[in-house]
Amino acid sequence: MSSKAGHNAPVFEKYQQKAKNFMCSCLAKGDRNTQKTPGGLICRQRWNNMYFVTSAAFLGTTYSDYLASAGKYLKCSSGSVSPNELLSFSKSHVEILTLIECYKPVDYILGDNPRATSYMVGYGNNNPRQVHHRASSIVSFKVNPSFVIFRAGYPTYYSRKASDPNLLTGALIGGPDAYDNFTDQRDNYEQTELATYNNAPLIGVLTRLHAGHSGYNHLLPGNLVVRDAAKDKPQNYLWQNFDNPGDTTLPGMKVGINLKTSFHRSLSSWKSTNDPSIGEFTWTFDTGGFLQTFIMNGFIELYRVGPWNV
């Protein structure tokens with residue numbers, strides 16, 4: 001394993017350097033900085049620019065956690081950036097912290113922009129009303145159950161100037177142009193078309209920002225948590241995948257037996273190479289005497305290590 005890592009070290013170093021350069025360019029602290037609108041939004045292309053905005057904000061939160069976990073700062077040609085400043089950069093394009101004013105993705109998306117327009121459907125008083133989306137622009141079956149053939153929907157509903165009868169609440173559209181201009185019309189597909197890959201990175205950003213400045217401690221490893229919204233302490237989690245590790249351990253994950261609660265965490269194999277559900281083989285502990293570890297096939301002991309006098 002170490003020889004493979006050493007062999008690929010130059011590739012990893014190039015990847016790390018490119019990630020650093022990209023973050024510096026987003027923060028206007030690099031040698032070649034990203035283009036932005038007068039209102040401060042990243043501007044990459046005319047058609048559905050929002051995809052680049054939310055993706056850059058997501059990368060900012062991820063890179064911030066990397067810096068925090070490694071105890072590092074982002075060193076750019078025009079100065080250094082702390083993990084919290086990088087996290088703030090991601091927020092400002094959505095709305096949660098505010099240390100860097102030059103790059104405001106989330107705030108901008110939700111209405112803190114020159115037009116005071118929210119580019120998320122259903123959010124804010126001034127949000128998109130004529131999105132480029134067939135299901136949104138055609139009246140609901142519950143309202144009018146008559147059959148609409150494929151071609152009939154285009155001349156009947158596409159050119160209508162009225163607001164959408166079906167709101168796709170939470171959907172992100174393409175957004176403004178390079179000068180912060182925006183026209184809310186159904187046929188303006190470059191700006192009003194929505195896409196799932198606009199929303200997907202934003203979900204990651206909002207999740208991370210919700211955790212605050214210290215959130216990387218439990219978010220970075222990839223611990224999927226189900227909890228009551230009002231109870232964010234680990235001991236109050238209803239379920240977490242760190243208690244059900246599968247065949248892989250991650251930083252912060254525990255394997256073994258809690259001697260106070262008797263809660264048992266063991267590793268388990270996949271059912272097959274194509275089926276990741278729990279298989280027949282497990283790696284577990286036995287505390288009935290000196291501590292031992294076993295590899296089991298069902299209830300059959302295949303291999304053991306120990307005993308250890310602990």
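Easy rule for this one: first residue shown is 1, then count along the chain.
Glycine too: its Cβ is placed from the backbone N, Cα and C atoms.
Where the annotation comes from TrEMBL, it is an automatic prediction and has not been curated.
Note that this is a predicted model, so its numbers are computed, not measured.
The feature domain 'Glycoside hydrolase family 9' is assigned by TrEMBL to 10-206.
Other C-beta atoms found within 10 angstroms of the C-beta of Asp184 (active site) number 16, with every protein chain shown included. Annotation source TrEMBL lists active site at Asp184 (among others).
Sequence annotations record features per position, and here TrEMBL assigns active site to Glu193 (among others).
When pLDDT is averaged over the domain 'Bulb-type lectin' (222-271), the result is 78. According to TrEMBL, the feature domain 'Bulb-type lectin' maps to 222-271.
Counting residue by residue with DSSP, the domain 'Bulb-type lectin' (222-271) contains 6 helix, 13 strand, 31 coil. Reported as a whole number, the C-alpha separation between Asp184 (active site) and Glu193 (active site) equals 10 Å. Long-range Cβ contacts of Glu193 (active site) within its own chain (separation 6+, distance under 8 Å): Trp47, Asn48, Val131, His132, His133, Ile173, Gly174.
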